[in-house]
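Colleague: Handing you a structure now.
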Amino acid sequence: MSDRLTLLRPDDWHIHLRDGAVLPHTVGDVARTFARAIIMPNLVPPVRNADEAGAYRERILNARPAGSRFEPLMVLYLTDRTSPEDIRAAKASGIVYAAKLYPAGATTNSDSGVTSIDNIFPAIEALAEVGMPLLVHGEVTRSEIDVFDREKRFIDEHMRRLVERFPTLKVVFEHITTADAAQFVTEAPANVGATITAQHLLYNRNHMLVGGIRPHFYCLPILKRNTHQVALLDAATSGNPKFFLGTDSAPHARHAKEAACGCAGCYTAYAAIEMYAEAFEQRNALDKLEGFASLHGPAFYGLPANTDTITLVREEWTAPDSLPFGEQTVIPLRAGEKLRWRLLEDNA
């Protein structure tokens with residue numbers, strides 16, 4: 001088995017960079033590895049139109065490290081008031097690549113999200129017309145539904161109907177966490193894809209809850225039982241082009257995670273490809289990593305794959321205990337632990 005792994009430079013098809021003083025840190029971490037990233041729009045206030053997307057994009061570009069060619073791919077935040085005209089203007093801007101459906105209350109800064117999918121059918125029709133993907137946080141949010149069941153219930157109540165109602169619409173089922181979602185995407189038409197995070201490949205809910213609550217493993221959708229983890233590993237390493245890399249790297253300041261009511265999100269951007277390599281190596285599937293990380297996503301979005309490469313070496317190193325996050329700190333996933341793969345820094 002080789003101790004070096006060279007891949008076409010990957011892209012991240014789902015990331016949270018936040019805004020303001022933290023951008024030089026979050027953008028620096030993603031730009032270290034990835035050429036492009038789909039930028040989540042759940043700011044306060046959210047990114048609701050092409051003008052707001054353009055302004056956020058400029059802030060990201062201004063935060064890039066010197067010499068970086070990192071390209072942010074912007075996303076609109078759908079609300080009950082998003083119009084077909086908003087979608088067409090976003091497409092015409094040339095900088096917006098998708099629109100995001102957050103069920104209201106599903107995750108961080110989703111209170112402005114969609115209260116009923118029926119409310120945005122005209123906007124979804126416009127997405128299908130202009131060829132812009134719909135990105136879906138696939139969880140129901142009703143209080144009586146168990147948090148571990150919310151993804152499956154979303155499939156049964158909404159996702160099947162959505163795919164049937166809009167047969168030409170490209171749909172990304174984001175950060176899938178269940179065997180149910182993996183099966184749904186596998187059996188769906190070719191216009192339905194999914195992203196999978198590193199944490200959902202490497203961990204299950206036991207890692208978060210057994211022996212004490214570990215807040216830095218807490219994300220939404222929440223980690224599930226190990227049988228679902230196995231199904232996600234099967235999907236990611238299958239070579240099926242429907243599945244591609246999306247870190248959902250989502251930083252929160254340490255005090256917001258280590259709290260009586262802590263925020264959801266794992267920060268993985270600083271070492272994401274190294275973690276994915278670890279997961280794929282566990283399955284003896286390192287030969288499938290380039291497809292998952294570098295080829296399937298661009299193909300789904302109708303974009304060219306990158307032509308430059310990165311190289312990983314099998315070399316243990318210790319993840320930092322914390323990282324700068326504006327004037328505060330963020331505790332990354334795997335803080336203080338050994339990682340088995342290291343990115344050669346001359347790739348940056």
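Using the three backbone atoms N, Cα and C, a Cβ is placed for every residue, glycine included.
Below are the features listed in Swiss-Prot for this protein:
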- H14, H16, K100, D248: Zn(2+) 1 binding site (BINDING)
- H16, L17, R18, N42, H137, L220, H252, A264: substrate binding site (BINDING)
- K100, H137, H175: Zn(2+) 2 binding site (BINDING)
- K100: N6-carboxylysine (MOD_RES)
- D248: active site (ACT_SITE)
Colleague: For the C-alpha pair, I'd like the distance in angstrom between L17 (substrate binding site) and D248 (Zn(2+) 1 binding site), rounded off.
Modeller: 10
Colleague: Of all the binding-site residues given, H16, D248, A264, which residue's CB has the most CB neighbours within 10 A?
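Modeller: Buried the deepest by this measure is D248.
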Colleague: Just to verify a number: CA distance, H252 (substrate binding site) to H14 (Zn(2+) 1 binding site), in angstrom, no decimals.
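Modeller: Distance between the two Cα atoms comes out at 16 Å.
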Colleague: The record names H16, L17, R18, N42, H137, L220, H252, A264 as the residues that bind substrate; what is their largest Cα to Cα distance in Å?
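Modeller: Overall maximum Cα spacing for these binding residues reaches 19 Å.
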Colleague: Measure from the Cβ of L220 (substrate binding site) and count the other Cβ atoms within 10 Å, all protein chains considered.
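Modeller: Excluding its own Cβ, L220 (substrate binding site) sees 20 Cβ atoms within 10 Å.
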Colleague: Tell me, in order along the sequence, which binding-site residues from N42, H137, H175, L220, A264 have their CA within 10 Å of H14 (Zn(2+) 1 binding site).
Modeller: H175
Colleague: Between A264 (substrate binding site) and H16 (Zn(2+) 1 binding site), what C-alpha distance do you get in Å?
Modeller: 12
